[in-house]
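Here's the structure, in structure tokens; my notes come after.
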Amino acid sequence: MHVLNYDDNTAFLGDWGNFQKTVFFLLCSSVIPNGFTGLSIVFIGDTPAHHCRIPASVNITVEWRNVSIPVEVDYGHTRFSKCSRYKLDVIKGFSDKGCKDGWEYDRETYVSTIVTEWDLVCSDDWKTPLTSSLFFCGVLIGSFISGQLSDRFGRKIVLFLTMGVQTIFTLIQVFSPSWVIFCSLFFIVGMGQISNYVAAFVLGMEILSLPIRIIYSTVGVCTFFSVGYMLLPFVAYFLRDWRMLLLALTLPGFLYIPLWWFVPESPRWLLSQGRVGEAEAILQDAARKNGVKAPQVIFPLPQVQCFYNLCDLVRSSNIRAITILLTTLSIGYLALSLNTSNLHGNSYLNCFLSAAVEVPAYTISWLMFRFWPRRLCLFSTLSLGGAVLLFVHLIPQHLNYAAILLEMLGKFGVTIAFAIIYAFTAELYPTVLRNTAMGACSMASRIGSISAPYFVYLGSYYRALPYILMGSLSVLSGLLSLLLPESIGMPLPETISHMQKVTG
């Protein structure tokens, strides 16, 4: 494949014309549903306070009814037992047994969740974190499949196909008759959710010029994701039934159908496939929209078509080392986001704060990405986030708001790193493998994400354990980031031979 400098050949377009503005905002807006779909489990899968049901038909006095459930002490607070009651026929003997007649749930916060719908408590409480893990299993498989499809068939078609998968299967999920069917559909939703995010991310990175590319990959697409994330608690506050909430979060997906006629294919990808005429046609149309004159021949060198696959990510020692390092860095973000319903106070407010803290984080990530070396960006933010999380468990029980403040500060640091990792990955890999690499790195990091719900689940046994694990992993990831090659000021590589080298 002949070497060309794509940015030099397309410099006549300028950086910020009507074409770039349209691509920037349409692609950014396409990830808004990812913000509320990916984290909707925070509300639809939350477990409200509950205790064993005492059937109204049981012929016992009010006094005996009031003492028929054992009282337990939980972190200094007394409450009714969640999973046991005294046998009603021998209640005076105080023999206890399981909740034979089901549970009564506190309806103050939620009308219904999947937990109250299918009684995912006590002996079945393992199903709640498994629900989230199955979603991330779908994310893993979607990352694996969509990256290769996108590099073979194009960014645009995969973007819209996976947006359709996410929207349609979330709509079907509303009518789930059982937990098993809900999880099966949630798995497919996960496949679509990550695939359209990565496709939109890569498409924008390949179309936009360097100054706008940095803004797009840090502030742009990430902030629009946060907008969707912030909308989630707002909508959930007014729709306390999980089916109605899921339906409301699904319908906006159909508004994106017209975008097909406004979002172009990636000219870089078309060039890598030898489709020079189609690439030049898109850029000539872009020149017309920007009011500039395009050269008659934009890419004078002939392009040789080459096909690559997942095996090329580990074929050489250099690309293999980069791939392994980049797959270790994102578990903390998802675990912290999923933990918001377990924080002290109002779950809707906590979720909103968790989302709102991302907006300044993404702004800072843009400034850091613009002026700082990439490795320093990752090391400093991951180390900061991890160190703060390690201090959370030292906060006394009565200072809950101080613990929330520290967790949000940890989330702030990890979110900056999360944004930088995506942009850094796109800079390190060549056009011929970029979407496959993004998908593969996302796939491998989702192995950690699958365990993230269980990090949160461990907090029910020892409250500090999730923070110790997440903090330690974040600090370790920060140290590993120092081994990656530096890419600041470098053009996007077009072929594998153009990639930066790992040193040391």
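Placed from the backbone N, Cα and C atoms, the Cβ positions cover glycine too.
TrEMBL labels come from automatic prediction, so no person has curated them.
Features as listed in TrEMBL:
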- 26-489: domain 'Major facilitator superfamily (MFS) profile' (DOMAIN)
- 126-145: transmembrane segment (TRANSMEM)
- 157-173: transmembrane segment (TRANSMEM)
- 179-203: transmembrane segment (TRANSMEM)
- 215-239: transmembrane segment (TRANSMEM)
- 245-263: transmembrane segment (TRANSMEM)
- 318-335: transmembrane segment (TRANSMEM)
- 347-369: transmembrane segment (TRANSMEM)
- 376-395: transmembrane segment (TRANSMEM)
- 401-424: transmembrane segment (TRANSMEM)
- 436-458: transmembrane segment (TRANSMEM)
- 464-484: transmembrane segment (TRANSMEM)
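Long-range Cβ contacts of the transmembrane segment (245-263) within its own chain (Cβ-Cβ under 8 Å, at least 6 residues beyond either end) map to 22-23, 26-27, 29-30, 32-33, 36-37, 40, 43-44, 156, 159-160, 163, 166-167, 170-171, 173-174, 203, 232, 235-236, 239. With pairs at least 6 apart in sequence, the transmembrane segment (376-395) and the transmembrane segment (464-484) have 3 or more Cβ pairs within the 8 Å limit; the two touch. Through the fold, the transmembrane segment (179-203) approaches residues 27, 30-31, 34, 37-38, 41, 114, 118, 120, 127, 130-131, 134-139, 141-143, 145-147, 150, 155-156, 158-160, 162-167, 169-170, 172-173, 217, 221, 225, 263, 266, 422, 426, 434-435, 438-439, 442, 446 of its own chain, all at least 6 residues removed from its boundaries and within a Cβ separation under 8 Å. Sequence-distant contacts of the transmembrane segment (376-395), counting only residues of its own chain at least 6 positions beyond either end whose CB sits under 8 Å from a CB of the stretch, comprise 329, 332, 336, 365, 368-369, 402-403, 406-407, 409-414, 416-417, 420-421, 424, 463-464, 467-468, 470-479, 481-482, 484. Within its own chain, the transmembrane segment (215-239) is flanked in space by residues 24, 27-29, 31-37, 39-40, 42-43, 197, 200-201, 204-205, 208, 245, 248-249, 337, 347-349, 351-352, 354-356, 358-359, 362-363, 365-366, 369, 419-420, 422-423, 426, which lie at least six positions past its ends and keep a Cβ under 8 Å from the stretch.
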